[in-house]
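**Student:** Just passing along the structure, written as structure tokens.
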2 protein chains.
Amino acid sequence: MLNKNREKLQKVIEYEFGDPEILTTALTHKSYVAETIVMENCNERMEFLGDSILSAIVAETLYLRYPHESEGKLSLFKAQIVSAHNLSGWAREVDLGGCIYLGKSGYTEEARQRENLLCDTFEAIIGAIYLDGGFENAKKFILKFLNNREEIEITDYKSRLQEILQSIYKELPEYKIIKELGPDHNKKFEAAVYIKGKFLGKGTGNSKKEAQQFAAEQAMKNIKTE
Amino acid sequence: MLNKNREKLQKVIEYEFGDPEILTTALTHKSYVAETIVMENCNERMEFLGDSILSAIVAETLYLRYPHESEGKLSLFKAQIVSAHNLSGWAREVDLGGCIYLGKSGYTEEARQRENLLCDTFEAIIGAIYLDGGFENAKKFILKFLNNREEIEITDYKSRLQEILQSIYKELPEYKIIKELGPDHNKKFEAAVYIKGKFLGKGTGNSKKEAQQFAAEQAMKNIKTE
């Protein structure tokens, strides 16, 4: 099943690997390596590489596409694009979850669709394309997702939420950092947003500001469905 | 004087800009733009771009050079290479400080040699080479510095310091975070290290762990000169 899926994947992403072993490594989660003798390498190192390659390509795209935006605005745009939330969405678009070599504990459809797993594997795929086909092919791969939208849809959810809440409640939302996760060099924050003490939404990000943006995004969705 | 310096710079870095305006922007600090009418763009956007390009090239170099190191180790190596401390050193190697267009308040030799200014301008130069000459030229530029050493000298200063202090004092060093600087999405930390309450050294980094590494590095130097 996995073999069929990986063939399909290469068709969907319009990139065929010259060296199939590189693709294999990119798709191999460490839980799989732990359970088997035939596999030696998991995709963590490739994820490290892909993360940086992605960052460079997104930075260039934003730099060229928004010639009048400040460095601060570009940084915020970039953080939203390379967030686990967004990348896992892109991974789902190409059914990446069904291609991952996972340890036995991971052989459930639910485990395959977890945000972090999808995001990490997506980054590993970028690293793999870079190693196999060079910078231009990695760029082509990423641009396919970035260009899917006429304009990259970057929304300043905090500002939007504030406008809405002010018009309804005549009050400003309140943000709290409710959790700090991960090691110091790779910290994640969880923020929650409230109005008049009532919980509206929460979100996780690489900085407090990013976490607040995602919390505001969730709050907007919750308000709409109310 | 500045014009002569920028000619010299292009010789030293062995890259001549096809479009001299790109180099001009890369060398222009925002304090200069504020004081003049003829210049419109400072180098902050190029620094944003160069930072990501540098990160990608360093990640690739480490990935290929250390095939058996874990992702965690590679991340630590990378953080040390792209640190302001290291990049400002590379900037000094090519006398970058003397080429920067600075506002009047910055026209002192001392101001030109500040770590952050040098690091930011160095990143802008990388962005500029990328825009002017593409990925391969940016890579060539960075590799000149990375390859200056047979082996990239990455030292785990915390472990080394610990060994030394244990052999002298039979005690472990103690680390404290003494300052947090900058906005949430670009936080810096300052750490200090002590033995038996005595101050040994301090350092600044993008994470607490990195700051501790630099503090340990300074402590090692201070111990040696004692």
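The backbone N, Cα and C atoms fix where each Cβ goes, glycine too.
Because TrEMBL annotations are produced automatically, they should be read as predictions rather than curated entries.
Annotation source TrEMBL lists active site at B:ASP51, B:GLU123. Look at TrEMBL and you will find B:GLU47, B:ASP120, B:GLU123 tagged as Mg(2+) binding site. Residues or ranges marked as domain 'RNase III' in TrEMBL: B:6-134. Taken from TrEMBL, the feature domain 'DRBM' covers B:156-225.
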**Student:** Using the Cβ center of B:GLU47, B:ASP120, B:GLU123 as the Mg(2+) site position, which other residues in that chain lie within 8 Å, going by their Cβ?
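**Tutor:** Other same-chain residues with Cβ inside the cutoff are B:ASN43, B:GLU44, B:MET46, B:PHE48, B:GLY50, B:ASP51, B:CYS119, B:THR121, B:PHE122, B:ALA124, B:GLY127.
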**Student:** Which value does the mean pLDDT take for the domain 'DRBM' (B:156-225) in this predicted structure?
**Tutor:** 84
**Student:** Please list residues from the chain of B:ASP51 (active site) whose Cβ is under 8 angstroms from its Cβ, counting only those at least six apart in sequence.
**Tutor:** B:VAL82, B:GLU123, B:ILE126, B:GLY127
**Student:** On a count of neighbouring CB atoms within 10 A, which of the binding-site residues B:GLU47, B:ASP120 is highest?
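**Tutor:** Most Cβ neighbours within 10 Å: B:ASP120.
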**Student:** Would you list the recorded positions among B:GLU47, B:ASP120, B:GLU123 that come within less than 8 Å, Cβ to Cβ, of chain A, in the order they occur in the sequence, writing 'none' if nothing qualifies?
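**Tutor:** In terms of proximity to chain A, the recorded positions that count are B:GLU47, given in sequence order.
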**Student:** For B:GLU123 (active site), what is the secondary structure by DSSP, using just helix, strand and coil?
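**Tutor:** The three-state answer is helix.
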